[in-house]
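Engineer: Attaching a single structure in structure tokens format; questions to follow.
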Amino acid sequence: MLLLWVSVVAASALAAPAPGADGQRRGAIQAWPDAPNVLLVVSDSFDGRLTFYPGSQVVKLPFINFMKAHGTSFLNAYTNSPICCPSRAAMWSGLFTHLTESWNNFKGLDPNYTTWMDVMEKHGYRTQKFGKLDYTSGHHSISNRVEAWTRDVAFLLRQEGRPMVNLAPKKTKVRVMQVDWKNTDRAVNWLRKEASNSTQPFVLYLGLNLPHPYPSPSSGENFGSSTFHTSRYWLKKVSYDAIKIPKWSPLSEMHPVDYYSSYTKNCTGKFTEKEIKNIRAFYYAMCAETDAMLGEIILALRQLGLLQKTIVIYTSDHGELAMEHRQFYKMSMYEASSHVPLLIMGPGIQANLQVSSVVSLVDIYPTMLDIAGIPLPQNLSGYSLLPSSSEMFKNEQKFKNLHPPWILSEFHGCNVNASTYMLRTNQWKYIAYSDGASVLPQLFDLSSDPDELTNIAAKFPEVTSSLDQKLRSIINYPKVSASVHQYNKEQFIKWKQSIGQNYSNVIANLRWHQDWLKKPKKYENAIDQWLKSHSDAKTI
């Protein structure tokens with residue numbers, strides 16, 4: 001019944017008249033007569049390409065479509081690091097990954113770090129958050145940490161279960177992801193009990209785990225999340241015939257980093273076309289369930305009379321490869337993994353507007369402060385999205401080009417054996433690795449090769465060189481890679497010392513246990529050799 005109400009919601013006018021611009025610095029004090037409420041919904045692993053054509057044809061997402069019709073869609077929004085914790089650290093801090101040293105899912109922000117929500121609270125906003133946060137240090141499994149720390153070791157081990165699908169027994173089951181639905185209910189109840197009669201403006205955050213794959217218990221307790229799980233109810237929202245089977249390069253022709261990722265993700269074996277299509281169908285169905293949770297929030301705002309007083313933002317920490325480039329999960333700069341949804345609607349936001357310029361998740365921080373009329377810190381990596389989306393600035397050309405014509409994304413975690421850096425511009429995607437010399441770069445022309453099947457770095461050396469110079473002007477990536485390399489060794493040594501005589505047993509039974517236990521001495525020796533290289537013997 002929930003989805004039938006979309007037409008009712010669509011009938012209400014969302015955009016309040018925006019006051020005329022006076023040419024001054026943007027801010028809520030000028031843009032809104034009263035400080036608006038703000039609601040941010042962040043899902044996990046949602047491919048941003050599903051929010052616009054042609055990706056939008058494969059699955060029904062009525063509430064995302066509602067936000068598109070009544071708000072602004074950013075067609076080229078990207079994560080600043082395609083993995084949970086570092087991506088969220090960038091979003092909550094407004095700073096690039098290397099500036100906060102949020103290297104992996106274990107190393108994020110300090111628990112006491114001042115986020116945009118903290119700043120808004122100090123300026124009179126009532127704040128609340130529910131669900132997945134995952135931007136501070138100290139979380140995730142031992143396996144996840146050790147795999148990230150040892151990615152430079154000269155071995156190749158499967159770290160994930162083979163991707164698979166699992167259908168819920170009850171055909172009509174709607175609430176498949178129980179934890180997310182409970183958190184959605186908590187957010188709705190908070191709106192009803194706490195926000196509806198409050199004289200304070202509020203900022204509410206809801207973090208969802210969907211459409212992240214589920215754990216795979218059949219692969220053993222130490223394997224990760226490789227199961228795409230849903231019910232027939234959600235599968236009916238998927239246009240099966242519209243599902244595209246991605247093209248794969250032969251294993252022998254893959255970029256070496258891609259091969260490492262595919263192998264560690266357990267994707268180098270044989271997959272039938274039916275398997276691939278089912279994985280993608282189940283993933284899209286999980287996206288449909290995510291959309292319904294977003295819908296619960298939108299409907300609650302409408303029912304409480306808050307919809308015309310609230311800026312609603314929807315995005316995701318990263319995407320999901322769903323078997324593109326012979327991989328699932330994220331940890332990649334390919335579009336399926338790095339491209340995220342980003343939609344904004346509410347009073348003063350332009351309706352039915354599509355923005356094609358590149359933006360990224362570090363832009364959330366300044367946007368939040370800008371909505372609240374709070375002066376923006378000068379050290380932020382991000383830029384406010386209001387000049388691109390607000391009614392107030394639609395005729396103000398001098399505000400249109402404040403955001404630079406590029407975004408930076410970087411990755412330093414597990415399942416990838418080299419620090420990775422992406423510079424995305426209007427046409428080009430340039431990907432550099434490690435020190436810039438030991439691993440060949442990649443260059444894709446997304447205007448002619450949207451599926452990123454042809455690396456043209458060698459074909460266009462001038463473009464490659466120019467983009468590399470631009471990247472180095474933004475980040476000294478060889479130096480950052482060296483810092484991460486040293487961090488990984490130091491953290492591994494601390495961990496090894498902390499478990500003492502149990503080391504051999506513990507490391508053998510992490511997520512890679514199926515491969516490790518075949519030749520445990522070989523892999524221990526490989527780690528020893530890695531630790532000895534460029535390290536202080538006394539430390540080891």
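Heads up, the Cβ atoms here are built off N, Cα and C, so glycines get one too.
Below are the features I grabbed from Swiss-Prot:
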- 1-22: signal peptide (SIGNAL)
- Asp44, Cys84, Asp317, His318: Ca(2+) binding site (BINDING)
- Cys84: 3-oxoalanine (Cys) (MOD_RES)
- Cys84: active site, nucleophile (ACT_SITE)
- Asn112: N-linked glycosylation site (CARBOHYD)
- Asn197: N-linked glycosylation site (CARBOHYD)
- Asn266: N-linked glycosylation site (CARBOHYD)
- Asn379: N-linked glycosylation site (CARBOHYD)
- Asn417: N-linked glycosylation site (CARBOHYD)
- Asn502: N-linked glycosylation site (CARBOHYD)
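A description of the local structural setting of each listed feature is requested, covering burial, neighbours and distances.
Structural biologist: Around the Cβ of Asp44 (Ca(2+) binding site), a 10 Å sphere holds 25 further Cβ atoms from the protein chains shown.
Taking Cβ-Cβ distances under 8 Å and a sequence separation of 6 or more, the neighbours of Cys84 (Ca(2+) binding site) in its chain are Asp44, Asn105, Asp134, Asp317, His318.
Secondary structure from DSSP puts Cys84 (Ca(2+) binding site) in a helix.
DSSP assigns Asn112 (N-linked glycosylation site) to coil in the three-state reduction, outside any helix or strand. On its own chain, Asn112 (N-linked glycosylation site) has no residue at least 6 apart in sequence with a Cβ closer than 8 Å to its own Cβ.
A coil conformation is recorded for Asn197 (N-linked glycosylation site) in the three-state DSSP classification, outside any helix or strand.
With a 10 A radius on its CB, Asn266 (N-linked glycosylation site) counts 22 other CB atoms from all the protein chains. According to DSSP, Asn266 (N-linked glycosylation site) is assigned to coil rather than to any helix or strand.
Following the DSSP three-state reduction, the secondary structure of Asn379 (N-linked glycosylation site) is coil. Within 10 Å of the C-beta atom of Asn379 (N-linked glycosylation site) sit 8 other C-beta atoms, taking all shown protein chains into account.
The number of other Cβ atoms within 10 Å of the Cβ belonging to Asn417 (N-linked glycosylation site), over all protein chains shown, comes to 22. According to its DSSP assignment, Asn417 (N-linked glycosylation site) is coil.
In the shown protein chains, 9 other C-beta atoms lie within 10 A of the C-beta of Asn502 (N-linked glycosylation site).
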Engineer: Of Asp317, His318, which of the binding-site residues has the most Cβ neighbours inside 10 Å?
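Structural biologist: The largest 10 Å Cβ neighbour count belongs to His318.
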Engineer: From the Cα of Asn502 (N-linked glycosylation site) across to the Cα of Asn266 (N-linked glycosylation site), what is the distance in angstrom?
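Structural biologist: The Cα atom of Asn266 (N-linked glycosylation site) is 27 Å away from the Cα atom of Asn502 (N-linked glycosylation site).
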Engineer: Would you count the other CB atoms within 10 A of the CB of Asn197 (N-linked glycosylation site), including those on all shown protein chains?
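Structural biologist: Looking across every protein chain shown, the total is 8.
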Engineer: Applying the rule Cβ within 8 Å of the centroid of the Cβ atoms of Asp44, Cys84, Asp317, His318, what extra residues of the same chain belong around the Ca(2+) site?
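Structural biologist: Other same-chain residues near the Ca(2+) site: Ser45, Thr79, Pro82, Ile83, Ser87, Arg88, Asp134, His212, Ser316, Lys330.
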Engineer: Compute the C-alpha separation of Asn379 (N-linked glycosylation site) from Asn417 (N-linked glycosylation site), stating it in Å without decimals.
Structural biologist: 31
Engineer: Round to the nearest Å and give the CA-to-CA distance linking Asn197 (N-linked glycosylation site) with Asn502 (N-linked glycosylation site).
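Structural biologist: Rounded to the nearest whole number, the Cα-Cα distance is 57 Å.
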Engineer: Check the DSSP secondary structure of Asn502 (N-linked glycosylation site), expressed as helix, strand or coil.
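Structural biologist: Looking at the DSSP assignment, Asn502 (N-linked glycosylation site) belongs to a helix.
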